[in-house]
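According to Swiss-Prot, the protein carries these features:
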COMPBIAS  1-11  compositional bias 'Gly residues'
COMPBIAS  117-132  compositional bias 'Low complexity'
CROSSLNK  Lys22  SUMO2 cross-link
CROSSLNK  Lys104  SUMO2 cross-link
CROSSLNK  Lys113  SUMO2 cross-link
MOD_RES   Ser123  phosphoserine
MOD_RES   Ser127  phosphoserine
MOD_RES   Ser215  phosphoserine
MOD_RES   Ser216  phosphoserine
MOD_RES   Ser219  phosphoserine
Amino acid sequence: MFGSNRGGVRGGQDQFNWEDVKTDKQRENYLGNSLMAPVGRWQKGRDLTWYAKDRAPCTGPSREEELAAVREAEREALLAALGYKNVRKQPTGLSKEDFVEICKREGGDPEEKGVDRLLGLGSASGSAGRVALSREDKEAAKLGLSVFTHHRVDSEGPSTAPTAPRKKPRAEDKVEPDAESHKKSKKEKKKKKKKHKKHKKKKDKEHKREADSCSSSPSPPRPRHQRHSDFSPCSKRKREHSQDSGRNPSRRRQDRSSDD
């Protein structure tokens with residue numbers, strides 16, 4: 001009564017097998033894919049579980065070590081900036097290629113010469129005690145000309161080296177003092193011209209000041225002259241009238257009779 005009327009089996013976990021799924025003809029038509037039964041050319045023959053495998057261990061330092069190294073470098077840079085620590089500058093050594101080039105310039109084999117025997121641009125300061133400048137070289141240095149100080153130093157020492165005869169001064173060295181005197185005379189001429197110009201400017205300023213003082217000084221007071229109005233006929237009449245008004249009437253009559 002409780003059993004199924006249909007034939008066959010509904011299927012359970014004990015009756016399921018992945019091999020049957022792989023070999024099924026209609027597998028590609030089923031919805032969904034599974035790693036246990038890959039389908040198609042993109043899944044067959046490929047490692048589908050590559051992401052789950054362990055990776056190779058990193059050979060580099062760990063994150064904590066990197067952070068500690070960065071903090072230490074920052075601390076050293078801060079101390080150097082504040083002046084609590086002296087920065088050590090590592091000298092850059094010569095490479096093999098540079099050494100071979102220097103030997104080629106000198107014109108010898110690199111095996112015959114050592115690095116200590118080669119004198120470069122910085123050798124003048126180190127061998128200043130051994131190289132004595134001549135009087136001509138000193139004069140040239142005063143004028144600002146370049147002085148050749150690269151002398152070859154023998155390994156035996158300066159005492160055993162034969163003293164070379166002193167060279168005679170060349171014509172170029174003789175010309176240098178003349179050029180110096182010519183420059184001095186030019187400078188003196190320029191100074192004289194400047195002094196003359198200054199003197200002229202001073203004179204012009206003095207003349208201008210005198211002219212300004214003359215123009216600004218008040219003019220001398222002119223003698224008082226009689227006004228123009230005093231000579232006019234109206235003023236004459238007024239004066240006569242005032243004089244007549246001051247006289248007695250009897251006098252006025254006498255004057256009029258005398259005028260008649």
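Note: Cβ is positioned from N, Cα and C throughout, glycine not excepted.
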Pick from Lys22, Lys104: which of these recorded sites has the biggest number of other Cβ atoms within 10 Å of its Cβ? Lys22
Could you list the residues of the same chain, at least six apart in sequence, whose Cβ is under 8 A from the Cβ of Ser215 (phosphoserine)? none
How many Å lie between the Cα of Lys104 (SUMO2 cross-link) and the Cα of Lys22 (SUMO2 cross-link)? 77
